[in-house]
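Undergrad: Take a look at this one; I'll ask things after.
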Amino acid sequence: MQNKPAQILIIDLGSQYTQIIRRSLRYLGFHSVIISDVGRPTIERPTSILKWVEENKPKCIILSGGSASVYDADAPKIPEEILTLGLPILGICYGMQWLAYVHDKNSIQKILESKSYGPVEIKIYGSQTSLLFRNLGEKLKAWSSHGDSVKYPPSGFSATATSQGGAVLEAMENVTKNFYAVQFHPEVEQTEDKNIILNNFVSNICGCKQDYDKKDVIEEIRENTRKALGDGTAIIGVSGGVDSTTLASILTPTLGDQLKAFMIDTGGMRKDEVERVKEITQKAEINLEVIDKYKEKFIQEIGKTIDAEEKRAAFRKVYGEVFKDVAKGYGATHMIQGTLATDLIESGSGSAGASAMIKTHHNVDLDLGLKEIMPLQDYFKFEVREMARLFNLNEILTARQPFPGPGLYLRVVGVPVTAELLEIVREADHRVAEILKKHGVYDKIAQSIVALLGVNSVGVKGDGRVYGYSLVVRTVETVDFMTVKGFYLSPAICEEIISTLVKHPKIVRVFFDWTSKPPATTEFE
Ligand code: XMP
């Protein structure tokens, strides 16, 4: 609901999780607006915070986390006047450190070497008295990701939570001024408060009224896209993934002939993907053209390097060239992308605010000389799945696991991609999915990934030595892919996967990977 005025202002201080604060608020039924204070002005993120507050009169302010230290020369600058506006403020992570620092310059403990990220057990002192922690118990499993911390609450503030051993001050508040702060991240799903903390803040402390309804989203996406497109002609690349297919389904009835949907067969698709996408799009009445003449070019260009970022860059380059060709063929003026908030955040894209670049996404900030429309740029994966359901897209589509645009090219690791290796991972991916389905766990897993590791190791097959590759099977659970946890498979499933995959003459070992994100990412590259 970007078009509505918002009661809640989120000031983005460079956190990977800023959009998640917004998403969690939407989940709770509240619209909010993000302003990035570190440059990159957009219509929705004007640089002047105070001007925006004066014009829009929000009921409260949330300060996001961020990777800076308050001691950094280039730390995000928040105008201190926000402290005197009489608005309740919730500082999260860096936001808490900033709140402490502006009240007492000695209150910040600078950590020079190791940062703390991962789960923390929080001891809440104020669950009976603090409005922020109302309806929570005395212990909370939370997620933290920070370097510096607050040594002591500045004058006027009282401590309301610490880490279990008491080493880290995890929350503080100044009830008179309505300033609240938490060192951990209440917005992420790993903090097991079921969004109670954010809800306590916006509803009970700030008196915000629910103003966001999921059903409004489809109409708003259509209206905004129609406006952005005008009389133009738009192309949309449909990958068969949830995002682009849902978007094409949403827009087809409203844009009609102004929208040209096509699919590029990159050679890195899952087994039977093209046929499956044709079927799905036919049912959704999307008029789809499949273009497969560029497969060889993708393999050739990406196969020139084994470096993860160079491979992504090569994919992106060929993808861009192909898109340009296709756009020219249709005489297109615009390109519509199913890019999500997650993609923008991890690409460190200007459109996502101030977050750091993690990896290059093939379709973010792609310059084709066309005007770009990204109707899903504020949404997360699970929200798009909800849209697909609202839109009556069939359940198979909404329940499908996501698949990255560069596809199996990201799953041949440490060795140049060839058509043969792509075929090995394609078949292995299919076999693993079949096994997971047979054991009834496929639907519980957010994503299963099979990658080929190009490090030779010794095996023995049929009494002969084989110096071959390994496959790694990664199964994870998550809601939004900003953070993931390993989904541990039972020994019986692992055994079946191993015995199936090593049947290939060149595969000698199978590994399993259940590393969380962070520190790993979901994909290997
Ligand atoms: P990471 O590896 O960034 O993945 O933790 C998060 C989710 O995004 C998918 N992914 C991509 N999707 N283009 C896409 O369309 C990409 O370049 C890309 N890279 C990762 C990944 O499969 C996971 O679902």
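Cβ atoms here come from the backbone N, Cα and C positions, even for glycine.
All annotation found in TrEMBL is predicted automatically rather than curated by experts.
Pulled the feature table from TrEMBL, pasting it below:
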| type | residues | note |
| --- | --- | --- |
| DOMAIN | 212-400 | domain 'GMPS ATP-PPase' |
| BINDING | Ser239, Gly240, Gly241, Val242, Asp243, Ser244, Thr245 | ATP binding site |
Undergrad: To which of the binding-site residues Ser244, Thr245 does the lowest count of other Cβ atoms within 10 Å belong?
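TA: Lowest Cβ count within 10 Å among the binding-site residues (Ser244, Thr245) is Ser244.
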Undergrad: When you average the Cβ positions of Ser239, Gly240, Gly241, Val242, Asp243, Ser244, Thr245 for the ATP site, which other residues in that chain have a Cβ within 8 Å of that mean position?
TA: Val238, Thr246, Leu247, Gly338, Phe403
Undergrad: Around the C-beta of Gly241 (ATP binding site), how many further C-beta atoms are within 10 angstroms, looking at every protein chain?
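TA: 21, counting other Cβ atoms within 10 Å of Gly241 (ATP binding site).
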Undergrad: Given a separation of at least six residues and a C-beta threshold under 8 Å, show me what packs close to Ser239 (ATP binding site) in the same chain.
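TA: Correct list: Thr245, Met263, Val277, Gly338, Phe403, Gly405.
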Undergrad: CB neighbours of Asp243 (ATP binding site) within 10 A?
TA: 25
Undergrad: Please average pLDDT over the domain 'GMPS ATP-PPase' (212-400) for the predicted structure.
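TA: When the pLDDT values over the domain 'GMPS ATP-PPase' (212-400) are averaged, the result is 85.
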Undergrad: On the three-state reduction of DSSP, what should I expect for Ser239 (ATP binding site)?
TA: coil
Undergrad: Taking the Cβ of Gly240 (ATP binding site) as reference, which residues of that chain separated by at least 6 in sequence fall under 8 Å from it?
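TA: Spatial neighbours, sequence-distant, of Gly240 (ATP binding site): Met263, Met269, Glu273, Val274, Arg276, Val277, Ile280, Phe403.
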Undergrad: Would you count the other C-beta atoms found within 10 angstroms of the C-beta of Val242 (ATP binding site) for me?
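TA: A 10 Å sphere around the Cβ of Val242 (ATP binding site) contains 24 other Cβ atoms.
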